[in-house]
Amino acid sequence: MTTDVIEQESHDDHHDDHKMKGIKRWLYTTNHKDIGTLYLWFAFIMLLTGGALAMVIRAELFQPGLQIVEPDFFNQLTTVHGLIMVFGAIMPAFTGFANWMIPMMVGAPDMALPRMNNWSFWILPFAFAILLSTFFMESGAPNFGWTFYAPLSTTYSNGSTAFFVFAVHIMGISSIMGAINIVVTIMNMRAPGMTYMKMPLFVWTFFITAYLLIAVMPVLAGVVTMLLTDTYFGTSFFDAAGGGDPVLFQHLFWFFGHPEVYIMILPAFGIVSTIIPAFARKKLFGYSSMVYATASIALLSFIVWAHHMFTTGMPLFGELFFMYCTMLIAVPTGVKVFNWVATMWRGSMSFETPMLFSIAFVILFTIGGFSGLMLALTPVDFQYHDTYFVVAHFHYVLVTGSLFSIYAGAYFWLPKWTGHMYNESLAKWHFWCSLVSVNLLFFPMHFLGLAGMPRRIPDYALQFADFNKWVSIGGFAFGLSQLIFLAVVIKCIRGGEKAPAKPWDGAEGLEWTVASPAPYHTFSTPPKID
Amino acid sequence: MKRRNLGWLSLGSVLSSSAWADMQLNLTKGVTEVSRDVYDLHMLAMYICVAIGVVVFGAMFWSMVFHRKSKGAKSADFHESTKVEILWTAIPIVILIAMAVPATKTLIEMENNDDSDVTIQVTGSQWKWHYKYFDQDIEFYSVLSTPREQYENQDGTTATKGENYLLEVDKHLVIPTNKKVRFLITSDDVIHAWWVPAFAVKQDANPGFINEAWTKVDKPGIYRGQCAELCGKDHGFMPIVVEVKSEADYAIWLEEQHQINAQAAAAEKASLNASVSMEELMTLGETTYVAYCAACHQVSGAGLPPAFPALKGSTVATGDIAAHIDIVLNGKAGTGMQAYGKQLSMKQIAAVVTYERNAWGNNTGDAVQAADVKDVAKGSESDTAAPAKVAEVVAIVAEEAPVEDLTKVYSEDELMVMGEQVYMKACAACHQVSGAGLPPAFPALKGSAIALGDIAVHIDMVVNGSKKNPAMAAFGSQLTKTEIAAVVTYERNAWGNNTGDLVQPAAVDAASAK
C-alpha cells in the first residue's frame, strides 16, 4: 500500500496537471476535485447567509411584541431562509461530496461529463444572486414561505414571484445536470471488478438520490411554471374562480417536496455509513440490507406526499392511505439505525470529531424520526400540523441530520482534501458547542408546538415567551459555533500536521490509496478490485 | 469561580423570568371526546417512541462506554445476519400496527360530519374570520382586539401586554355545549386554517372550496386558537376565540343577536337621513380606520408600497368621492383590497372615507354622509349584484302566472324545460350545473339515492329542506308547486338519472299538504 502511494505521487510529479492559474482555474475548471471544492465553499457561504437570516428571525422572536422587523419582512426572512438552506446549503454541499468522492471511490479519473459539471456549478451563484437581489427591490423578497402555496404566491404575491420562479428554475437545472452526471459516472466509470454490490454504501446512496432528483425536479419546474403563468399570464391552474384548485398546487409541490426531503437525507446515510465502521474498526453491519433499505425509502417517498396536506380536506380513504404508507417508512429507516448500532456493537471505538458528529447524527436524527412517526398519525397531525412541533421535527432531521453528517464527512475527508490534519481540539470545541446549542435551539420547539404555537408568526402569545427566549439563545450560540468550523478549515488549508495517505486506521476505500492531498488527477489508469 | 457564578445567575434569571407553573409542555387534553382520543393517541405514540429510544440509545451508549479502543476493546468480526435483519423488520411492523389501529378509529370518528345540530360557516380573509349561522340570520366578523400599541414596539415602547395578548377578538364565536356543531370552512382570498387546539379541530380554509369539521364540546368556557396556515403579512394576528355556552345561555345569546341585528338595521336606516358633523365623522373615521385599514395602509397613511399603496396624497383619497366610496365598498379585484360593504355599516364607511380625505394633510374638506354611500352602493348593485337580478326574475315569473293551476298536467318536455330553468336559478349554485355537486357539503344529485329513489322523499327534501344538512334550504316558500314539480322531474331525468318519472304540481301539492 505504502509503495503504491509513493509511486503515484512521483508519477504525478512528472506530469504537468494543466491547471490554469488564478481565477481562471476556478471559472474554467472541469476537474471534479475543483468543482467539488467550489460546491462545498458555495454551500458554506449559503449556510452562513441563511443562518444570518435565521438569527434575525430569532432576534425578533426573542420576546413578545414586534421589536426589530415588520411582519411582512419577517415572512420574507423565513421564506428565503428556507430556500437558501434547502437549495443553497444542504443540496450543493452533498453535490460537493459527490464530486470529490465518487470518482475516487469507484476508481474513475473524473466525472463522466466534466464540462456539464462546470456549468451545473456555475449557474448556481446566479440563481442565488437573483433570489437575494429581491431583498433590495421595492417589492421585497418572496414572502409566501419556502413552500410558496398558491394563491398567496400568485394573485396575492408582492411582485417577487417572477424572480423567485426564475431562480428556482436555474437551481433545478443545476440539480438535474448534477444528478445526471452522478448516475452516468456510477454506471459507466467504475473500475473493473467493482460490481454494484461491491460499491461503497456512500456511492449507493448518491446513486439512488440522483435518480430521485431526476424524477422530481421536473415536477418542481412544472409547478413553478404554472405559478408563473397564473400570476402573469391569466391562467387559472390554482384559482377556483377560473376552474382551478389551490390544493392541486399542494399536491404537485409535495410530489416534488417529499422525495426532496429524502434527497437531503439519503446522502447523509451514506456518509455516516462510511464513518461509523471506520471508527468502530469493524465492517458495516448488513451492507446489502442497507442498500435495500435505501432503495425502499426512495420508492416509498413517492407515495407519501399528501401527509403534508392532511388538513386540506382530503377524503377519509386518502388520509388512511397516506397515513399507512408514511408509517411504513419507519421500517426501512429503523433497519438503518439498528444496523449502525450493530456496527458499533463490540467494535473497538475511538471518538475523533467525524465519529462524534456521526454518533450525534444517529441519535438526533432518530429523535427527528420519532417526531416524524408521530406526525404520520393523521388524527394527531391535526394538532401538530403547522406548529413549532413540525419546525422542531424538520430541523432535527435537516440540521442535526443532514448538516451534522456534512460536518462529519468534512472532518473525515479534510486530510484527503487538504493534505493536512485538522486541529482536533478546535474541532471538538466545534462539536460540543454545536451539540449543546442545537438542542437548546430545537428541542424546546417541540414543547412550543404542543402548547399551540403556530409556525411562521412574527409575534406570539405570552405563554410561549420563556421557551422562545431559550430557543433564541440556543440559536445565537449555534450560529456563532459554526464560525469555529470556518477557523478549523482555514487553519487546515494553510498548514498543520502533514496527513498520511490513510489517516484513519479503520477507514476503507479506494480514496485512501492515493496520496494526501489527493493529486489533481487520480486513477488515470483504473485500479484493480478483487 | 466568579465567572461561573455570573453564568448561573444569568441562567437563573432566565428560569425565573416568569411563572413556571403556567408553562405548558404537552398537548392539551381539550374539552371534546375527540380531543381526548387525540391526546391519548399522542401519549401512546410518545411512550412508544421513548421506549424504542431507551433500547436503541441504551445499546449505543453501552457500546460507547464498554467497546472503546482506549479500554482495549478488540473489534468483533460479525457483519451480517439475515435472521437479525428479519427480526428488526418484523418487530417495528407489529408496533406500527398497534399504533395504526387506534389512529384509524379516531380518524373515522373525526371525519363523521353527519347529524349535526348547528351549522356555522367559517370564512377566513386577510386577516379576520367571518362567522355565519345557518338558519339564524346571524353573521359577523371577528377581528383581533389587542391594541396596536401592545405589539408594535419597534420604536422601543413597551406597553404592558394583556393576559390574552394576541389571542383576543372583538366578537367571540358562540356555540352551545353538548350539541354537534358543524363548521363549513372556506376563504375569501388566500388559504387560511381554522384551529382550536381544545377541540382538536384544524381545517384549511381554501378559497372556492368548502371543508367540513365538527365538534361537540362538553364544558362551557372560552377557548382560543389561531390561524395555522401562512396567509400573508398579518398571519400571526388573526386569532380565533370560541365561547361555549350552555344550551340555555346559547338560546339567550341568539335572542340578543336578533335584537342587536334589528337595532343595527334601524340605526342604519336612521343614519341615511342624518347629517353627521365633520368632527363626529373624523372621530368615528379614525377609530374605524385604525381597526380595519391601518394594518395595510398604516396609521400614518403611508401604506407599504407596492402591495399596499399610500393614501396620504393619493389620487383615490383626493380625487372623485364616488370612486373613493366605490373602492371601499366593493374592493379592488386582483389585489389585497377587500370589499368592506359587508363588514362596515354605511355610517362607518362614510366616516372612514371622510377621515381618509382629510387626515395626513389630505385636506379636501369633504364630509361624506351615509346617504352618499347608499347612492354609490345602489349604483353598483344595479350592474353587478346578482341577488337583485334573481329577485327581479322571481317578480317577473310571479307576474306572469298570478294563479297557479295545480290540476294542470304538463308534458315531459314542458316539465324538463321549466325544470332546467328552475334548477339553474335555484339549485345549480350548490349542486352544480353538471349535477355533480361540491361534496361533501353539497352532495351530487347525479346518480344519487334521493334523485333515483322514492319520489315522495325527493319532493319532501325540496319542499322542506334537509334535517341533517342545514345547507339544504326549504324551497317550499321560495318556489311555486309547479316549479318544484318541474325541478324534481328534471333532477330525476337529467345527467343520466333516467328514471322516467314525471312529477305533476298536484303531487307536490299533496305532498306538502301532509
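Glycine is treated like the rest: Cβ placed from N, Cα and C.
Look at TrEMBL and you will find A:26-530 tagged as domain 'Cytochrome oxidase subunit I profile'.
Same-chain residues lying 6 or more positions outside the transmembrane segment (A:38-59) and placing a CB less than 8 Å from one of its CB atoms are 26, 29, 68-69, 74, 77-78, 80-81, 84-85, 88-90, 92-93, 95-97, 99-100, 121, 124-125, 128, 132, 403, 406, 410, 471-472, 475-476, 479, 482, 486. The annotation transmembrane segment is assigned in TrEMBL to A:38-59 (among others).
As annotated by TrEMBL, transmembrane segment applies to A:79-100 (among others).
Sequence annotations record features per position, and here TrEMBL assigns transmembrane segment to A:121-141 (among others).
Summarising the annotation, TrEMBL assigns transmembrane segment to A:161-189 (among others).
Positions annotated as transmembrane segment by TrEMBL: A:201-228 (among others).
According to TrEMBL, the feature transmembrane segment maps to A:261-279 (among others). Counting only same-chain residues 6+ beyond the ends of the transmembrane segment (A:261-279), those with a CB under 8 A from a CB of the stretch are 86, 90-91, 94, 97-98, 200-206, 208-209, 212-213, 216, 290, 294, 297-298, 301, 336, 340, 343-344, 349-352, 354-355, 358-359, 361-362, 365, 394, 397-398, 401-402, 404-406, 408-409, 412, 504, 506-509.
Residues annotated as transmembrane segment in TrEMBL: A:291-309 (among others).
Under the heading transmembrane segment, TrEMBL lists A:321-342 (among others).
Per TrEMBL, the feature transmembrane segment maps to A:354-376 (among others). Same-chain residues lying 6+ beyond the ends of the transmembrane segment (A:354-376) with a Cβ under 8 Å from its Cβ atoms: 265, 268, 271-272, 275-276, 278-279, 307, 323, 326-327, 329-330, 333, 337, 340-341, 344, 384-385, 389-390, 392-397, 400-401, 404-405, 407-409, 411-412, 428, 431, 435, 438-439, 446, 504.
Positions annotated as transmembrane segment by TrEMBL: A:388-414 (among others).
Residues 353, 356-357, 360, 364, 371, 383-384, 387-392, 395-396, 399-400, 404, 407, 411, 464, 467-468, 470-471, 473-475, 477-478, 481-482, 484-485, 487-488, 491 of the same chain lie 6+ residues outside the transmembrane segment (A:426-450) yet bring a C-beta within less than 8 angstroms of a C-beta in it. Among the features that TrEMBL reports, transmembrane segment is placed at A:426-450 (among others).
Feature annotation from TrEMBL assigns transmembrane segment to A:470-490 (among others).
Here the transmembrane segment (A:161-189) has long-range neighbours at 83, 87, 91, 95, 98, 102-103, 106, 108-109, 111-113, 116-117, 119-121, 123-124, 126-128, 130-131, 133-134, 137, 142, 148, 153-154, 199, 203, 206-207, 209-211, 213-214, 217-218, 220-221, 224-225, 227-228, 231-232, meaning same-chain residues at least 6 beyond its ends whose C-beta is under 8 angstroms from one of its own.
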